[in-house]
Amino acid sequence: MTNLRKTHPLMKIVNSSFIDLPAPSNISSWWNFGSLLGICLIIQILTGLFLAMHYTSDTMTAFSSVTHICRDVNYGWLIRYLHANGASMFFICLFLHVGRGLYYGSYMYLETWNIGVLLLFAVMATAFMGYVLPWGQMSFWGATVITNLLSAIPYIGSDLVEWIWGGFSVDKATLTRFFAFHFILPFIIAALAGVHLLFLHETGSNNPSGLSSDADKIPFHPYYTIKDILGVLLLILVLTSLVLFSPDLLGDPDNYTPANPLNTPPHIKPEWYFLFAYAILRSIPNKLGGVLALVLSILVLAVVPFLHTSKQRSMMFRPFSQCLFWVLVADLLTLTWIGGQPVEHPFIIIGQLASILYFLLILVIMPITSLLENNLLTW
């Protein structure tokens, strides 16, 4: 008798995706982050659902409702901090996942990569709107500053901003619509992640060597299911440690002050995972130029596959490209640090240099280095 998992219409989809899927035998722990992102998304949707049961999206009561969740709801504090720090874990996994793709040349699977870039934008939009919901000082001023950037768009800018606000400032209408979008977007992200997997399974996974692994495949279950479970346990260990020992480590103290349109905080800054993009935005004195640089800092990932000049897919056997990759990582860490600093000397010039280096590395230096490495192969 044929196994039910191979014949049942629903089970065979699961079977071909997670059980009998042929996977390369040599994929390292860097390939764990896809499943970790899936777990993060599930955690965020579940904790978010329970938070939404007690939250009110009204400017008068939003801040109080979050306080009520933390004080009066059974384990409300736990749900709230799991959700807030779950977002940080989500972005850590995202950045490592994208970094893995850049290092090992996974971007050569164009459809998978482009949907990944789209997913990155969707997750960033969701996180931004979620940060506005507690209606603290940084929520309000962060929303005001970032939405105001759209006014830099020629001709339609100011109308567009008022349309998004639903009035002449960030107010009740803005909060209500942000809550609605913040609730629906994770489900769109889940659907996109399904398409991401669909395209990935058309080609099969890449592997550290960047070479074809058709000659050496192993079944996903039990080898990679057990490996993924280890990754999930480590993720949960880090997340629970963060939530139970220092839940406010990655947050901003200003967000414990209720939103006040008449009082601007001394340093307006987003959550840590947006600081690199915020630093690039601030590095350009022109408003429109800054907005373009902000968008391009992520959109540049979509161009990477077309700038692949190497004869080899992965960086595993390319020492010069490896060095440049780690310079890029250091540059992004520098930008993250600068994004959290006040706009004064020497931080301004450091931010500008780091921003220029970021784009130069991806668009110019790395492709040229790959060409030089090609010549070294024939030398």
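Note: Cβ is positioned from N, Cα and C throughout, glycine not excepted.
Here is what Swiss-Prot records for this protein:
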BINDING   His83, His182  heme b b562 binding site
BINDING   His97, His196  heme b b566 binding site
BINDING   His201  ubiquinone binding site
TRANSMEM  33-53  transmembrane segment
TRANSMEM  77-98  transmembrane segment
TRANSMEM  113-133  transmembrane segment
TRANSMEM  178-198  transmembrane segment
TRANSMEM  226-246  transmembrane segment
TRANSMEM  288-308  transmembrane segment
TRANSMEM  320-340  transmembrane segment
TRANSMEM  347-367  transmembrane segment
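Distant neighbours of the transmembrane segment (77-98): 30, 33-34, 36-37, 40-41, 43-44, 47-48, 50-51, 66, 69-71, 116, 120, 123, 127, 130, 235, 238-239, 242-243, 247, 250-251, 271-273, 301; these residues of the same chain sit at least 6 beyond its ends, with a Cβ under 8 Å from one of its Cβ atoms. Across 113-133, 226-246, 347-367, the stretch most heavily in contact with the transmembrane segment (178-198), judged by Cβ pairs under 8 Å, is 113-133.
Counting every protein chain shown, the Cβ of His182 (heme b b562 binding site) has 21 other Cβ atoms within 10 Å. Cα of His182 (heme b b562 binding site) to Cα of His97 (heme b b566 binding site): a distance of 23 Å. Cβ packing within 10 Å was compared across the binding-site residues His83, His97, His196, His201, and the lowest neighbour count falls to His201. Comparing His97 (heme b b566 binding site) with the residue listed as 'ubiquinone binding site', their Cα atoms are 17 Å apart once rounded.
His83 (heme b b562 binding site) and His196 (heme b b566 binding site) have their C-alpha atoms 24 Å apart, to the nearest angstrom.
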